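In Swiss-Prot this protein carries:
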BINDING   CYS149, CYS152, CYS202, CYS205  Zn(2+) 1 binding site
BINDING   CYS166, CYS169, CYS188, CYS191  Zn(2+) 2 binding site
COMPBIAS  237-246  compositional bias 'Gly residues'
REGION    227-246  region 'Disordered'
REGION    354-376  region 'Disordered'
REPEAT    149-156  repeat 'CXXCXGXG motif'
REPEAT    166-173  repeat 'CXXCXGXG motif'
REPEAT    188-195  repeat 'CXXCXGXG motif'
REPEAT    202-209  repeat 'CXXCXGXG motif'
ZN_FING   136-214  zinc finger
Amino acid sequence: MSKRDFYEVLGVPKNASDDELKKAYRKLAMKYHPDRNQGDAAKPAEEKFKEAKEAYEILSDAQKRAAYDQYGHAGVDPNMRGGMGGAEGFGGFAEAFGDIFGDMFGGARGRGGRQVYRGNDLSYAMDVTLEEAAKGKEAQIRIPSWESCETCHGSGAKPGTSAKTCGTCQGSGTVQMRQGFFSVQQTCPHCRGTGKIIPEPCTACHGQGRVKKQKTLEVKIPAGIDDGMRIRSTGNGEPGTNGGPPGDLYIEIRIRKHDIFERDGDDLHCQVPVSFITAALGGEIEVPTLQGKAAIDIPEGTQAGKQFRLRGKGIKGVRASYPGDLYCHIIVETPVKLTEHQRKLLKELDESLKKGGAKHSPSTESWTDRLKSFFS
């Protein structure tokens, strides 16, 4: 099957400028890229993608474009003539999409064709108390950090020597690897994308140009921060490669288990034990809050599980306008290790209460009635 005209493939006139060619190619490549076309549309899209790639690689090269304009496909197809050299893999693709796909996959082109990479992000786990999380705090942390080697001033080469241009990639930092129909541009395995080879590495940094040290950072923990939240420290991650920007440091907050309170969002919960005498007769008890002590009036006849709400005694979250509440859950404590005299008094009380029936123990009486109905 005869090939379509390359200008027709890209949808541009024969006098199209380089910018018009690039714009047309980018539009087609984005439309027919394999990642965007799945299922039944995958095969036709792949053919369109290859066709557009080949057309752009020929027309974006001044020498190949001139040969194509004069001789047509025969001027650029090595299978149709003695070999003027065909398309060179993804060269045109990388040129047209370097700024898009480079960012997507973490790499970009620096000057001289060297791969520029953003540094990796780092993570740090910080333990704080509930009180510190509620009020906020400033803290110092020490993290491992890569710094420029003082011996070689970051060059990686032994003092008095210098790095040489990589002979494998000719300083570009990348090599062409053919995979079936495609030629894929990959990081040079010899120089690892730096474009340079160091014949005599610096003994202090072993040719890396940087050494690992401990760095102290001031961290501000905002009031109301919750467990699992992260604080980003911009630019304090690992340094980039070949002049790339550094990554970020993410500090993950872990709130230690508290002896009294449990946090639920901006609210706090605590279990408050009271004696069965206080629960029966009522009274005032003292409970702790993050702001200090508070009093609760226990009404007469309070049952286990009763919940008392203290408004505004919780935590004001990072994005909240008002603080949460404190919920006190009552636990009626049963006395233990009774003396004989105490046992006698309780038995007398029990007999007296039984005579009152539902008057004194409505829940027990109701439960007894339901049991009788169930077994009848």
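Every residue gets a Cβ built from N, Cα and C, even glycine.
Secondary structure of the region 'Disordered' (227-246) per DSSP (helix as H, G, I; strand as E, B; remaining residues coil): 0 helix, 5 strand, 15 coil.
Looking only at the repeat 'CXXCXGXG motif' (149-156), the predicted model's pLDDT averages out at 84. The Cβ neighbour count for CYS149 (Zn(2+) 1 binding site), using a 10 Å radius and every protein chain shown, is 19.
Summarising the environment of CYS152 (Zn(2+) 1 binding site), the number of other Cβ atoms within 10 Å of its Cβ, over all protein chains shown, is 25.
Sequence-ordered, the extra residues of this chain that approach the Zn(2+) 1 site, with Cβ no more than 8 Å from the Cβ center of CYS149, CYS152, CYS202, CYS205, are GLU150, THR151, HIS153, GLY154, SER155, GLY156, ALA157, PRO201, THR203, ALA204, HIS206, GLY207, GLN208, GLY209, ARG210, VAL211. Counting every protein chain shown, the Cβ of CYS169 (Zn(2+) 2 binding site) has 24 other Cβ atoms within 10 Å. Note: the Cα of CYS188 (Zn(2+) 2 binding site) and the Cα of CYS152 (Zn(2+) 1 binding site) are spaced 24 Å from each other.
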